[in-house]
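K.L.:
Below is one structure. I have some questions about it.
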Amino acid sequence: MTGSEIFLASKRAAITYDTDPATGEPRAWLAPGGTGNVVAEQAGVLNISWIASADSEDDRRASALNPDGVTMELHSGREILVRLIRHDPAVFRNVQNFMTANLMWAANNYGWDRWTQPSFGSDAREGWADFGRFTRDFADAILKSSAQSADPVYLVHDYQLVGVPALLREQRPDAPILLFVHIPWPSADYWRILPKEIRTGILHGMLPATTIGFFADRWCRNFLESVADLLPDARIDREAMTVEWRGHRTRLRTMPLGYSPLTLDGRNPQLPEGIEEWADGHRLVVHSGRTDPIKNAERAVRAFVLAARGGGLEKTRMLVRMNPNRLYVPANADYVHRVETAVAEANAELGSDTVRIDNDNDVNHTIACFRRADLLIFNSTVDGQNLSTFEAPLVNERDADVILSETCGAAEVLGEYCRSVNPFDLVEQAEAISAALAAGPRQRAEAAARRRDAARPWTLEAWVQAQLDGLAADHAARTATAERFDTAPAVSTRADL
């Protein structure tokens, strides 16, 4: 794909706007963490522009004032040009608050118990219709940006844009298209929970991509099984990780990402106020994650209490570091309440202020907590990858052990170098906490060195290159395969969205 022009898109931007009180004009600032920042750094590596959604009224106003985009400097020092799409506010609100943050997130992350939820009413159909309009906005913006390009390459990121590849393929049938999904893909049986038009429509939107990427092998396998289960006219090759469907050939690829070296180097870590004094003279156990049920802090706290009952945790404190995220989603707000309850009960049993919650979105605070920790817990119930599991061992200064969920995407890379646990088993997690804190200095140092060596190769730059190399190879294979379908009737996927 030498000489090709690359076009990058994701729903979430790394920048957002508020109003400058002095001037009344929109003021840009870098949003913390998340997929948006990962994609932004990718744009910086490739030195290309990036299309994303305007999330707020201030974002929309800034977009109207800057139709050609805004240049921002990232934490790594790289500069990017971002152009924000202005969606119909009602459409965007429904897609943001219901369709993606609630319905699609729950479907991909096993958020429903199936006994009591979900029940799909007319709101699901309305959300799906708005999702189609939202998807069309993105496809139109990408196609407009690439209209003058003879040889465009499209990099489309995350689950909110799963319908975009089909619409791009209709207009640019020969273009290389990569869709990278940053979250898990559930089992085929779980995917069947969704209404028929949604569960198949999403697959129809994705399969025209040349390459579909996930962070872990298990998500690729689950996706292939969903296709095999729901699309009887698809030909699945599980060894080659390919799908042939209605003239399309799609390759599934696992492309792990760990961290951005420049971003880590560009941080200024500082512990949150009061934490240094509180932790002084104590071993510190740190659990870190968003205010999202998948991050599983409640069970981590309860496992810590179990471990303490067994002895050996004297002079040990636990910090639950939570980053506020999507608290308008009922499941997230309920999760925060459950964590607070677990912490209160832990302190009632173990002594006041043994366990603390620290709740903000300052990444420098998070990095500083990683550095100070004597034990790190990442026990997600499920996770597409979890970059913190790579970042924390690399910045830690105390040879902290790591407890890592076996259902986290990162476990495929780091599992053998961490204490791998079933995230639902409190006893196993308690035993892992006790064993980690009982380990001697030499054992800890040797394990930490092996863990750092395992994490270090998985840089942002390597991940970006893996996308480009994989897409180039898959585009060549797809082109060869397409010749076999020259006589097949054309099938439009427009109606699927």
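Please read every residue number as a count from 1 along the shown chain.
Backbone N, Cα and C define each Cβ position, glycine as well.
The GDP-valienol binding site feature in Swiss-Prot is assigned to Asp158, Arg290, Lys295, Arg321, Asn325, Arg326, Asn361, Asp362, Thr366, Leu387, Ser388, Glu391. Here Swiss-Prot flags His182, Asp383, Gly384, Gln385, Asn386 as validamine 7-phosphate binding site, drawing on a large-scale study or a structure entry.
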K.L.:
10 Å Cβ neighbour count around His182 (validamine 7-phosphate binding site)?
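P.N.:
A 10 Å sphere around the Cβ of His182 (validamine 7-phosphate binding site) contains 22 other Cβ atoms.
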K.L.:
Give me the Cα-Cα distance between Asp383 (validamine 7-phosphate binding site) and Lys295 (GDP-valienol binding site), rounded to a whole Å.
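P.N.:
Here the two Cα atoms are 8 Å apart.
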K.L.:
List, in sequence order, those binding-site residues among Asp158, Lys295, Asn325, Asn361, Thr366, Ser388 whose Cα sits within 10 Å of the Cα of His182 (validamine 7-phosphate binding site).
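P.N.:
So the list reads Asp158.
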K.L.:
Between the Cα atoms of Lys295 (GDP-valienol binding site) and Asn386 (validamine 7-phosphate binding site), what distance do you get, rounded to the nearest Å?
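P.N.:
Cα-Cα, rounded: 10 Å.
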K.L.:
For Gly384 (validamine 7-phosphate binding site) and Asp158 (GDP-valienol binding site), determine the Cα separation and express it in whole Å.
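P.N.:
Taking the Cα atoms only, Gly384 (validamine 7-phosphate binding site) lies 11 Å from Asp158 (GDP-valienol binding site).
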K.L.:
I'd like to know which of the binding-site residues Asp158, Asp383 has the most other Cβ atoms within 10 Å of its Cβ.
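P.N.:
Compared across Asp158, Asp383, the most Cβ atoms within 10 Å surround Asp383.
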K.L.:
Given Asp158 (GDP-valienol binding site) and Gln385 (validamine 7-phosphate binding site), what distance in Å do their CA atoms have, once rounded to a whole number?
P.N.:
13
K.L.:
Just how many other Cβ atoms lie inside 10 Å of the Cβ on Asn361 (GDP-valienol binding site)?
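P.N.:
So the number of other Cβ atoms within 10 Å of Asn361 (GDP-valienol binding site) is 15.
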K.L.:
Can you count the other CB atoms that lie within 10 A of the CB of Asn386 (validamine 7-phosphate binding site)?
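P.N.:
Other Cβ atoms within 10 Å of Asn386 (validamine 7-phosphate binding site): 25.
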K.L.:
Write out the long-range same-chain contacts of Thr366 (GDP-valienol binding site), meaning residues 6 or more apart in sequence whose Cβ is under 8 Å from its Cβ.
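P.N.:
Set apart from Thr366 (GDP-valienol binding site) by at least 6 residues yet with Cβ under 8 Å, we have Ser288, Arg321, Asn323, Ser388.
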K.L.:
List nothing but the largest Cα to Cα distance in Å, as a whole number, among the residues Asp158, Arg290, Lys295, Arg321, Asn325, Arg326, Asn361, Asp362, Thr366, Leu387, Ser388, Glu391 that the record says bind GDP-valienol.
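P.N.:
The two farthest binding residues have Cα atoms 25 Å apart.
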K.L.:
Under DSSP, is Asp383 (validamine 7-phosphate binding site) helix, strand or coil?
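P.N.:
Looking at the DSSP assignment, Asp383 (validamine 7-phosphate binding site) belongs to a strand.
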K.L.:
Using Cα coordinates, what distance in whole Å links Asn325 (GDP-valienol binding site) and Asn386 (validamine 7-phosphate binding site)?
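P.N.:
Cα of Asn325 (GDP-valienol binding site) to Cα of Asn386 (validamine 7-phosphate binding site) measures 15 Å after rounding.
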K.L.:
Take the mean position of the Cβ atoms of His182, Asp383, Gly384, Gln385, Asn386, the recorded validamine 7-phosphate site. Which other residues of that chain put their Cβ within 8 Å of it?
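P.N.:
In sequence order, the nearby non-listed residues are Ile183, Pro184, Phe215, Ala216, Leu387, Cys408, Gly409, Ala410.
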